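Going by Swiss-Prot, these are the annotated features:
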| type | residues | note |
| --- | --- | --- |
| REGION | 1-71 | region 'Disordered' |
| CARBOHYD | ASN120 | N-linked glycosylation site |
| TRANSMEM | 128-148 | transmembrane segment |
| TRANSMEM | 157-177 | transmembrane segment |
| TRANSMEM | 194-214 | transmembrane segment |
| TRANSMEM | 224-244 | transmembrane segment |
| TRANSMEM | 253-273 | transmembrane segment |
| TRANSMEM | 283-303 | transmembrane segment |
| TRANSMEM | 358-378 | transmembrane segment |
| TRANSMEM | 396-416 | transmembrane segment |
| TRANSMEM | 436-456 | transmembrane segment |
| TRANSMEM | 471-491 | transmembrane segment |
| TRANSMEM | 498-520 | transmembrane segment |
| TRANSMEM | 531-551 | transmembrane segment |
Amino acid sequence: MVEEISPKYTNEQAEASSSSSSSVSGEPKDFSGSLENQEDLGELIERTNTMTSGAESKVETNRRMSRILTGTQDDPEKIAIDYSNCPPMGGDRPFPPALPEQSQFEVTFDGPNDPIHPFNWSMKTKTIICIVLCLNCICISMGSSIFASGVPQICKIYHVIPVVAILGVTLYVFGFAASPVIYAPLSEVYGRRGVLVISAFGFAVFQFAVATSKDLQSIMICRFFGGLIGAAPMAVVPAAFADMFDVRVRGKAICLFSLGVFVGPILSPVMGSYIAQRTTWRWLEYVTGCFASALFVAVALTFKETHHPTILVQKAKEMRKSTNNWGIHAAHEHVELSVSEIAKKTITRPIKMLFTEPLLLIITIYNSFVYGILYLMLEAYPIVFVEGYGFEANGELPYIALIIGMLVCTAFLWYFENDYLKRIQKAGKLVPEARLIPMVYAGVIFPIGILWFCWTGYYPHKIHWMCPTVAGSFIGFGLMGIFLPCLNYIIESYLPLAASAVAANTFMRSAFGAVFPLFAGYMFHGMGTGWAGLLLGLFAAALIPVPLFFLKYGERIRKNSKDAYYA
């Protein structure tokens, strides 16, 4: 989840913000001002910035900052406390004397080189955690589409039409919409580790529950809860990467996360087809459950807490235990989970922003359409290669071209990440519109890939199967090259309200991903592969001007918006 920050967020802090969908407590920064005793004040403010939790009350933060800047210190002997309205202590015990200001005994990181700060962990530790979390994302996203390989068997066993059986995919993806609502706030209060470990365990359990279900209703219910419980990595992993990596590396790490999210649904049909042809559909879920169980063990053993405020809570607990001094504490220990605040940030405000912010609405529609095409292709590929070209045993192998296109695009985005860092360094502030440059290229390639794939696949008796296969690499490039820049642009355009903006995007994106597979079969069979592709390709082509429009007018739109970030 991306923490929502004050609109007074400075440019220096913004530069240290994540290019991902996540933001955490900022790096320790030196105070730069014209006050006396600047060095001492800088140290205090550095400590305050580091230990302040994103869920902490803004009022409390402002009070602390006011005390620091004015040099006010509370003298316990001069403070009169009125105990007249308090009940007695009990046992004839006297009321305690006035205590020093609580903030004097708050623990914080010991400077920017503190070894417990995730930024300072060894690269080996970070790499292991990164690999495990990316594999976890691949497993969760694989679970969404691997069920589609068993649809023919489910239709035959339970006597239902394909659109009913494919609901197993739809309900699973609908569960993803819960990730910004449930798991992001929980991870900000209780830390990343607990949320990810519990999610990994619950996801594995529900995969086995689907595999052993006796009726269709149980299958659908367990599929929904599998997606709902397993969705935590979709929101928490980007936040964990933001905890561990600074702005120079963070964007590249998020590229790997996005690659995992996209590769999973494409890789699972390749695996699923072999499993379904040689066994029953239940082994699709057994295999996913075994993979999820292994990752649950890996997450539990290798993943260390990365959430900065939660690390300080653990530090305070250890210090209290070793010193028996109950006054030592962390600021985050006083944070409580507010249901009303969660509802406001993740439900009410996102819906309002979606329909009042044209920038957010247009980019979200583009992003959601691309995500929907990802799941639509799961239905289109069997129609083209199995029904059209007669691929019986290896009908899902052409999916590999999609993955190749995504890998090429990842390298392409890594190159532009370096270019983006140079741009913000030169500008001295965030430049959200610069995120859209790779999207201009991907936006042109994407409709070309769709039209190429569908029209060559429309004539299987005249055109070799390699033609639509190669076209898949263009689609994969476009999927990745549009999705990630869209997400980054939303985050940096609505930096003060990034969590709400990302939640709005996730809601609509999940809805598109869930619904597109339902009509894909009817569309391709009813209209024909070529004409269905023409409709989708023209819609994708109509969206090509979107990044160009915001490259030219985006800054002006943000300046006139009441919610967008503008420096």
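In case you wondered, yes, glycine gets a Cβ from its N, Cα and C as well.
Fair warning: this is a prediction, and the values are worked out from it, not measured in the lab.
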For the transmembrane segment (157-177), I need the partner stretch with the highest count of C-beta pairs below 8 angstroms, choosing only from 128-148, 358-378, 498-520.
498-520
Quick check for me: are there 3+ Cβ pairs below 8 Å between the transmembrane segment (358-378) and the transmembrane segment (498-520), leaving out pairs under 6 residues apart?
yes
Under 8 Å by Cβ from ASN120 (N-linked glycosylation site), counting only residues of that chain that are 6 or more apart:
ASN113, ASP114
List, by number or range, the same-chain residues at least 6 past the transmembrane segment (531-551) whose CB is under 8 A from its CB atoms?
359, 362-363, 365-366, 369, 373, 376, 380, 433, 436-437, 439-440, 443-444, 446-447, 450-451, 453-455, 457-458, 478, 485, 489, 523-524, 557
Considering only Cβ pairs under 8 Å, which range in 128-148, 253-273, 283-303, 436-456, 498-520 makes the most contacts with the transmembrane segment (396-416)?
253-273
Cβ pairs under 8 Å with the transmembrane segment (128-148): which stretch of 283-303, 436-456, 471-491, 498-520 has the most?
283-303
For the transmembrane segment (471-491), give me same-chain residues lying six or more residues beyond its boundaries with a C-beta closer than 8 angstroms to one of its C-beta atoms, as numbers and ranges.
2, 18-21, 23, 251, 254-255, 258-259, 262, 266, 360, 363-364, 366-367, 370-371, 373-374, 377, 381, 398-399, 401-406, 408-410, 412-413, 432-433, 435-439, 441-443, 445-450, 452-453, 456, 498, 501-502, 505, 540, 547, 550
Can you name the far-off residues of the same chain, 6+ from the ends of the transmembrane segment (253-273), with a Cβ under 8 Å from a Cβ of it?
18-21, 130, 133-135, 137-146, 148-150, 234, 237-238, 241, 244-245, 284, 287, 374-375, 377-378, 381, 394-397, 399-400, 402-403, 406-407, 410, 413-414, 417, 476, 479-480, 483-484, 487-488
What else in the chain is close to the transmembrane segment (436-456), if you only count residues 6 or more beyond its ends and a Cβ gap under 8 Å?
370, 373, 380, 384, 405, 409, 412-413, 416, 419, 463, 467-468, 470-482, 485-486, 489, 529-530, 532-534, 536-538, 540-541, 543-544, 546-548, 550-551, 554
Can you work out which residues elsewhere in the same chain, 6+ from the ends of the transmembrane segment (194-214), have a Cβ less than 8 Å from its Cβ atoms?
133, 136, 139-140, 143, 147, 183, 186-187, 222-223, 225-226, 229-233, 236-237, 240, 282-286, 288-289, 292-293, 295-296, 299-300, 303
